[in-house]
Structures are given as structure tokens and as C-alpha cells.
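The active site, proton acceptor annotation in TrEMBL covers LYS190. Per TrEMBL, the feature NAD(+) binding site maps to GLY7, ALA8, GLY9, SER10, TRP11, GLY12, ALA139, ARG254. Residues annotated as NADPH binding site in TrEMBL: SER10, TRP11, ARG31, ARG32, TYR48, LYS105, ALA139, ARG254, GLU280. Under the heading sn-glycerol 3-phosphate binding site, TrEMBL lists LYS105, GLY135, LYS190, ASP243, SER253, ARG254, ASN255. Annotation comment: TrEMBL describes LYS105, ARG254, ASN255 as substrate binding site. TrEMBL lists 2-159 with the feature domain 'Glycerol-3-phosphate dehydrogenase NAD-dependent N-terminal'. What TrEMBL records for 179-318 is domain 'Glycerol-3-phosphate dehydrogenase NAD-dependent C-terminal'.
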Amino acid sequence: MKAAVLGAGSWGTTFAQVLADADTAVTIWARRAEIAESINGLHMNPRYLPGITLPSALAATTDVAAALDGADLVVLSVTAQTLRACLTEWTPLIPPDALLVSLMKGIELGSCKRMSEVIMETAGVPDSRVAVVSGPNLAREIAERQMAASVVACTDEHSARMLQRACHSGYFRPYWNTDVIGCELGGTVKNIIALAVGIAVALGLGDNTKATLITRGLAEMARLGEAMGADPRTFAGLAGMGDLVATCSSPLSRNRRFGEYLGQGLSTAQALEMITQTAESATSYAPVLELARKFGAEMPITEVVAAVITGRLSVADAAAALAARSAKPEWYGSE
Ligand SMILES: NC(=O)C1=CN([C@@H]2O[C@H](COP(=O)(O)OP(=O)(O)OC[C@H]3O[C@@H](n4cnc5c(N)ncnc54)[C@H](O)[C@@H]3O)[C@@H](O)[C@H]2O)C=CC1
Ligand SMILES: O=C(CO)COP(=O)(O)O
């Protein structure tokens, strides 16, 4: 089994380590020469994972054709909004039977497509050749080889199991399922809820508020997911509740930190500048709301996050906007 990981950011580098530690031969493609040189020479990626020593078996290159040569697994770890352009360039170099794996947790602006849909459309491959990895997987903790679990999903069980074997290491336990839609929506919506939690943290609100946002965020995620055809059980699992709890609880989360900066009074542009890494919620809130409208799913927390990001609602008024909504039974559908 040979893997190419395309994208040497925090999660791409960490997942490449997981693959190498699971005895899968892996080459990582980095956009910047200094990152590839540092991975090859020092076994480090100080830009994204300072202080972490990567496996010596992990090879890096800036030559995407070399990384893709003979790859059985092509792991895509750029950002949601750059995937289509990158993959358009890479598609002619991808081996014909390779499984394409998305690590990304976002929705494409404009098309409102999930990452697996962008991959199928751009690379011209069937769903049986596209898998996703999603779960409570804060890169830094996994890079430190702290025990974690995740979900690898593909509509084709055989492909899901193959990916599972390729990334099952001593500290990383992947489960498989066939619910690609549920896993992708879980990963995307939890980033938006984590942003809301970040705002709450910055405002000094306590655990009741956080638990409320997490629980109602889960309801929101499941409502959209079920309307789009996901398996409801996914949202009770690692790619749903698991990732939501990890991201909303962790100061390591870039999406939560983004919310904290907004809560401290920074503008959206200033907050993004502070993060210096990808915070997918900053863009994915818009296509998620479009999907919510299209599929008739009510997503009040996402609406409030969108209003704050676009400057239509102040952070000071955000909690009140949620609390003042009309009273409802706890369980209701998307009507
Ligand atoms: N960091 C984490 O803990 C986790 C991140 N993810 C998801 O993984 C995806 C990647 O995130 P990270 O690696 O954390 O982000 P990052 O900000 O650490 O790295 C982004 C990577 O994308 C590359 N990139 C950006 N624009 C590009 C372009 N136009 N062409 C080529 N490469 C480009 C950058 O060079 C960098 O390697 C995101 O969708 C994120 O939500 C998922 C699970 C965990
Ligand atoms: O997806 C993640 C954890 O599972 C990482 O979250 P952030 O992108 O918010 O850092």
C-alpha cells in the first residue's frame, strides 16, 4: 500500500504521520520547498507542528507527480475553497485505480458541494473511489501520538476497509462506515458551532451556555444531515457528537479561537489574520445556510454565526438573539 498526502498543513502532515506509523509507505507533497526540506532533513514541520518529530520513513516532495507516482491512496488535505483548483491540476497525474481521500471539513462556496462531490466532479471518479476521514482529530494531539479515534467513510465498504487498514496505528483507531454525507456534514457544521462556543467563551459565559450550544448544535447538524439523506446514527458517533465535543471544548481548535477573537471585538478579517491557519467556518457558514434553506432545515445557531461574521449582529446581542427565539418542544423536525 502506497499513499500520497497532498497538503503539508497541520492535518495533512499529521495524517501522513499516522499512515507512516501504520506501516503505509507515504510521500507528502508540500507547496513550499522549505517545508519539504525540513520534513526530509529534520523530520519536522515547524510551521504547522512545532516541536513534533515526524517518522523518518515520511518522505516529502514539492513535485506532485513524484508524490502521486504509483499511489493507491491519494489523500487530499488542502482547504475546502482551494480543492477544486488544486485537483483540476492534479487529476491527470492520479493513478487510475487510486482511492481519493478527503480530510477536509468544509463546503464549497457557490456550488454548495461537499468535498466528496467536488472530488467526484473534478477527478471524474465514481463514489466508490472517494472516501472521507472525519472525527475528533485535533491535529496537534494526534501528532503527539495521543490516542484518538475517527471514522473513515466510503459508499463502497471494501474501499472503506482498505483505508481503515492503511491508517490503523498504535494510537489512531479508525472505524468505518458508508455514510459519507453524514461524516462530511458533521465535520463542517461542528466548525460553525465551535465558532459560536468561542464567542461565548470570550464573553465569559459558562458551561451551561457551552452545553446548550453543543447540544442544540448537534440538533442543527442532524436536522440538516437527515434532510440531505445522512444516516442519523452518524451524528451520535465520532464524526458527529465526538468531533463537535472535541472542537467546542478545545483551545487548540482554530474555529473556536476564531470565535474567541470575534468575541473579544476583533473584526472577521482581524480574527482570521490572528489564526494564521485554516478556519473553515469562516467561509462554510454561507453554503451551509444555503443548503439549510434548500432542504428546509432550521439552523438558528448557524444563522446567528453568519450574522456576526458578516457584521449584521454584534457579539453582545448574539446570545440574546438565540434566547429570544419562539419557545418550542425540544424535538421537532425541519418544519
Ligand atoms: N488541523 C486539524 O486539527 C484538522 C483539520 N481538518 C481539516 O483539514 C483541512 C486542512 O486543514 P489543516 O491542514 O489543518 O490546515 P492548515 O491551515 O494547517 O494547512 C492548509 C494546507 O493547505 C495548503 N493550501 C492552501 N491553499 C492552497 C492552494 N491554493 N494550493 C495548494 N495548497 C494550498 C497549505 O499550503 C497547507 O498545506 C481543513 O479542511 C480542516 O478543516 C480536519 C481534521 C483536523
Ligand atoms: O477538525 C478538527 C478537529 O477534529 C480541527 O478543528 P479546527 O479546524 O477548529 O482546529
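Every residue gets a Cβ built from N, Cα and C, even glycine.
Bear in mind that the values here come from a model prediction, so they are computed numbers and not experimental data.
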Listed recorded positions ARG31, GLY135, LYS190, ASP243, filtered to Cα within 10 Å of ARG254 (NAD(+) binding site): none
Binding-site residues whose CB lies under 6 angstroms from ligand 2, from GLY7, ALA8, SER10, GLY12, ARG31, TYR48: none
Tally of residues which DSSP labels helix, strand or coil - the domain 'Glycerol-3-phosphate dehydrogenase NAD-dependent C-terminal' (179-318): 108 helix, 0 strand, 32 coil
For SER253 (sn-glycerol 3-phosphate binding site), the number of other Cβ atoms found within 10 Å of its own Cβ: 23
Sparsest-packed of the listed binding-site residues (SER10, ASN255) - C-beta count within 10 angstroms: SER10
Nearest recorded site to ARG31 (NADPH binding site) by CA-CA distance, among recorded positions GLY9, TRP11, LYS190: GLY9
Lowest local Cβ density among ARG31, LYS105, LYS190, ARG254, which the record lists as recorded positions, within 10 Å: ARG31
